[in-house]
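According to Swiss-Prot, the protein has these features:
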type: BINDING; residues: Cys15, Cys51, Cys80; note: [4Fe-4S] cluster 1 binding site
type: BINDING; residues: Cys149, Cys153, Cys156; note: [4Fe-4S] cluster 2 binding site
type: DOMAIN; residues: 6-116; note: domain 'MTTase N-terminal'
type: DOMAIN; residues: 135-373; note: domain 'Radical SAM core'
type: DOMAIN; residues: 376-440; note: domain 'TRAM'
Amino acid sequence: MSTPTPKVGFVSLGCPKALVDSERILTQLRMEGYEVVPTYEDADVVVVNTCGFIDSAKAESLEVIGEAIAENGKVIVTGCMGVEEHTIRDVHPSVLAVTGPQQYEQVVTAVHEVVPPKTEHNPLVDLVPPQGVKLTPRHYAYLKISEGCNHSCSFCIIPSMRGKLVSRPVGDVLSEAERLVKAGVKELLVISQDTSAYGVDLKYKTDFWNGQPVKTRMKELCEALSSMGVWVRLHYVYPYPNVDDVIPLMAAGKLLPYLDIPFQHASPKVLKAMKRPAFEDKTLARIKQWREICPELTIRSTFIVGFPGETEEDFQYLLDWLTEAQLDRVGCFQYSPVEGAPANELGLEPVPDEVKQDRWERFMAHQQAISAARLQLKVGKEIEVLIDEVDEQGAVGRSWADAPEIDGNVFVDSDELKPGDKVRVRITDADEYDLWAELV
């Protein structure tokens, strides 16, 4: 008589990099015959992959762990907040195991201890696709090229959670990308903590892919990915000089003309306190040069307002810089002290919460006007759109300017499309974030 198939519940919190970690754990569990179920009550054990980047993320992680314990009782915790095991166990002493990020084998071992895998052959194993388990829609996937970061930004604790930069061999990355494309993926989203630094730790070592030598470096990786005939989108690009090397690839249509490049601030004084590159004038000149080479370039960035020591003059400098930069997509966060971050020891004057809120609102209104004006320029133009979903009201897609989850959408007036379709459309309307279009 066969034993019941062991069942695992899984909750993945945080950024796309954590999502890739979840995919890796789930792939291993599926390979061992575990069934992944969508509810707490149907699971033999629940794994929660946490986020620990800022206090609100930690609070959400603790809340979800509590829900899983209440609904199921058997909970294993992993991910970035796992480095603070004492905090987790203080709030939830009944968790069965706590592991940090990237500790895939420890998670799987902890699952084994609660509910062992079946010893006889499980037909579920035969259903695991060659590209592994993916938590994204079939037509796009995140491609993680490295782990960790060599920077010491004073507001950030990622190096203490995920360690120094460790780049994946470029041959492994390209082989994974190839499997994804063969499985029907039409957009590869390249992610890491620092995409620009890819290969630095390996001294840009030459690896091999399909018998051909390829250097472990961002430009060469992008050139190889561009040969696969799918959209390739770069995320988390630190503003190193070598970013200039990939702009011509975008202009030539080999990469999506899209840069996700976190500038964080513009005031030289604030950037210095953040331990970020403080060359804001040169950055403006580079942005201008990038757009001269690739006029279609979309630039997304993130900023922090209310960093300790930020004055009204610093903030106004940032707004003026935004006016000059004319960025397309921008996210903004109010500074929140993070336990263990070097910024806590700088001795700078904290910005009051009400001032942070006021600056955030002014920042968002200022940038919203810029984004709306830039989107308005697209009305009447024809663009290619990748469809994400379709319902009775029409299709929802994205252009080269729109990454999933964080950017806007293109609403297409058609119910004849399906997710994964690439279509030409004409833009008919725009607001601050989204576009409306008709099929060409």
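Just so you know, glycine gets a Cβ as well, placed from its N, Cα and C.
Neighbour count (other Cβ atoms within 10 Å of the Cβ, all protein chains): 23 for Cys156 ([4Fe-4S] cluster 2 binding site). Taken as a whole, the domain 'MTTase N-terminal' (6-116) shows an average pLDDT of 90 in this prediction. It is Cys80 that, of the binding-site residues Cys51, Cys80, Cys149, Cys153, has its Cβ surrounded by the most other Cβ atoms within 10 Å. When the Cα atoms are compared, Cys149 ([4Fe-4S] cluster 2 binding site) and Cys51 ([4Fe-4S] cluster 1 binding site) turn out to be 17 Å apart.
Annotated pair Cys15 ([4Fe-4S] cluster 1 binding site) and Cys153 ([4Fe-4S] cluster 2 binding site), C-alpha to C-alpha distance, rounded: 18 Å. Over all protein chains present, the Cβ of Cys15 ([4Fe-4S] cluster 1 binding site) has 18 other Cβ atoms lying within 10 Å. Highlighted in sequence order, Leu13, Gly14, Lys17, Ala18, Thr50, Gly52, Phe53, Ala57, Gly79, Met81, Pro101 have their Cβ within 8 Å of the centre of the Cβ atoms of Cys15, Cys51, Cys80, the residues recorded for [4Fe-4S] cluster 1, and are not part of that set. A Cβ within 8 Å of the Cβ centre of Cys149, Cys153, Cys156, the residues given for [4Fe-4S] cluster 2, is found for these other residues of the same chain: His151, Ser152, Phe155, Ile157, Ile158, Pro159, Gln193.
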